[in-house]
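In Swiss-Prot this protein carries:
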- 1-29: transit peptide (TRANSIT)
- ARG20, TYR74, TYR142, ASN202, ARG399: substrate binding site (BINDING)
- LYS69: N6-acetyllysine (MOD_RES)
- LYS179: N6-acetyllysine (MOD_RES)
- 181-208: region 'Disordered' (REGION)
- 198-208: compositional bias 'Polar residues' (COMPBIAS)
- LYS263: N6-succinyllysine (MOD_RES)
- LYS263: N6-(pyridoxal phosphate)lysine (MOD_RES)
- LYS263: N6-acetyllysine (MOD_RES)
- LYS339: N6-acetyllysine (MOD_RES)
- LYS339: N6-succinyllysine (MOD_RES)
- LYS367: N6-acetyllysine (MOD_RES)
- LYS367: N6-succinyllysine (MOD_RES)
- LYS422: N6-acetyllysine (MOD_RES)
Amino acid sequence: MNYARFITAASAARNPSPIRTMTDILSRGPKSMISLAGGLPNPNMFPFKTAVITVENGKTIQFGEEMMKRALQYSPSAGIPELLSWLKQLQIKLHNPPTIHYPPSQGQMDLCVTSGSQQGLCKVFEMIINPGDNVLLDEPAYSGTLQSLHPLGCNIINVASDESGIVPDSLRDILSRWKPEDAKNPQKNTPKFLYTVPNGNNPTGNSLTSERKKEIYELARKYDFLIIEDDPYYFLQFNKFRVPTFLSMDVDGRVIRADSFSKIISSGLRIGFLTGPKPLIERVILHIQVSTLHPSTFNQLMISQLLHEWGEEGFMAHVDRVIDFYSNQKDAILAAADKWLTGLAEWHVPAAGMFLWIKVKGINDVKELIEEKAVKMGVLMLPGNAFYVDSSAPSPYLRASFSSASPEQMDVAFQVLAQLIKESL
């Protein structure tokens, strides 16, 4: 892989921060090391001294005085070593990337912790995209991604999708505008990457099948583009047999995968992680060095202690409990939809995630109905146009989340929605 063509001039110009490098050395060095290098505040001056956090089953995470000093201090930009090590083993266990033992320059699997997967994705986009570059994604798409891409001045090319995710024939048809060898010629402007949420796509709830992933990956190899696998709902697949990931089939080192703890442990702790080829992950880490410096040390230690306490088996048991909860929530919103929206709208059963994507019949644009009329009735949902490149275009779709509302609240919300639809027809 020629990674240089996926790195902008600004990203290529980034050099390691000497101060951040010293922080990395200190974090891995013996406690006897005397440091006069970094501007680390004296931890004895921090007002917080200890903490005890109670978790499931009455177990506790302890922050004694020494641990608290570390938790409140600067830490390596890539993440604290014990969390990185645990996550690397998790990725090997779940995905077994072919690139684990590749030479670093040839795309060896690397990993870094980010302040939520959104931060990682933004830095990946900024690393790759020059104004005018072509990028591929499937609409409707996560609005946060669209808002990240628009200011970068890229051309977003929509790839058709259905209930099984991206349609490979649509991708193949788009790529036929170029010849495979055009990827070696910057003037041809071949697509830099394909972005997709493969499981429980936000907002549709669609999931890519294994067969389609294989077809898509082969097209990526043929036309030499990256795949950005944004997978925050990987652990919320209602069928607990998890579909193989792009990372698991990445023989070239062309997949950048974004994972998140937001949906299964905590959204407020803002801990996610990127996995991908070392030459690209290194560029992201260099960007972190001069922006946020590093993810929260305290939050990383809290999650790391929990994961080490659980072990992989305990972690997966927790994931199963989370899946069972959201599966019941999904059943509740589907029951409410069947009860109130039959004949007024159409939808399909989400394969993963926490959203129901609804198409209202007979109404070309539901924006006013959702943003004004429903709000006045005390019901909040999102109009579908927020998930398209052209957000000003009319859309008959809306997104309803089933993550937090009770079954009774979902029932009331859809009763209100049904009433408003009938009044608008």
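Our numbering is plain: 1 for the first residue shown, then up by one each step along the chain.
In case you wondered, yes, glycine gets a Cβ from its N, Cα and C as well.
Here the features listed in Swiss-Prot are placed on the structure.
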| residue | record | DSSP class |
| --- | --- | --- |
| ARG20 | substrate binding site | helix |
| TYR74 | substrate binding site | coil |
| TYR142 | substrate binding site | coil |
| LYS179 | N6-acetyllysine | coil |
| ASN202 | substrate binding site | coil |
| LYS263 | N6-succinyllysine | coil |
| LYS339 | N6-acetyllysine | helix |
| LYS367 | N6-acetyllysine | helix |
| ARG399 | substrate binding site | strand |
| LYS422 | N6-acetyllysine | helix |
Recorded positions (ARG20, LYS69, LYS179, LYS339), the one with most neighbouring Cβ atoms at 10 Å = ARG20
List which of the recorded positions LYS69, TYR74, ASN202, LYS339, LYS367 have their Cα within 10 Å of the Cα of LYS179 (N6-acetyllysine), in sequence order.
-> none
Determine which residues of the chain contact the region 'Disordered' (181-208) at the Cβ level, with the cut-off under 8 Å and only residues 6 or more beyond its ends counted.
-> 5-6, 128-129, 132-138, 140-142, 145, 154, 157, 159, 161-166, 171, 175, 216, 220, 223-234, 236-237, 243, 245-246, 348-357, 382, 384, 387, 397, 399
Checking the recorded positions ARG20, TYR74, LYS367, LYS422 against LYS339 (N6-acetyllysine) with a 10 Å Cα-Cα cut-off, in sequence order, leaves none
The transit peptide (1-29) - residue tally per DSSP class, helix then strand then coil | 19 helix, 0 strand, 10 coil
Of the binding-site residues TYR74, TYR142, ASN202, ARG399, the one whose Cα sits nearest to the Cα of LYS263 (N6-succinyllysine) is ASN202
Using Cα coordinates, what distance in whole Å links TYR142 (substrate binding site) and LYS69 (N6-acetyllysine)?
-> 38
Within 10 A of the CB of TYR142 (substrate binding site), the number of other CB atoms across every chain shown is 21
Restricting the comparison to the recorded positions ARG20, LYS69, TYR74, ARG399, which residue's C-alpha is spatially nearest the C-alpha of LYS422 (N6-acetyllysine)?
-> ARG399
Between LYS69 (N6-acetyllysine) and ARG20 (substrate binding site), what C-alpha distance do you get in Å?
-> 19
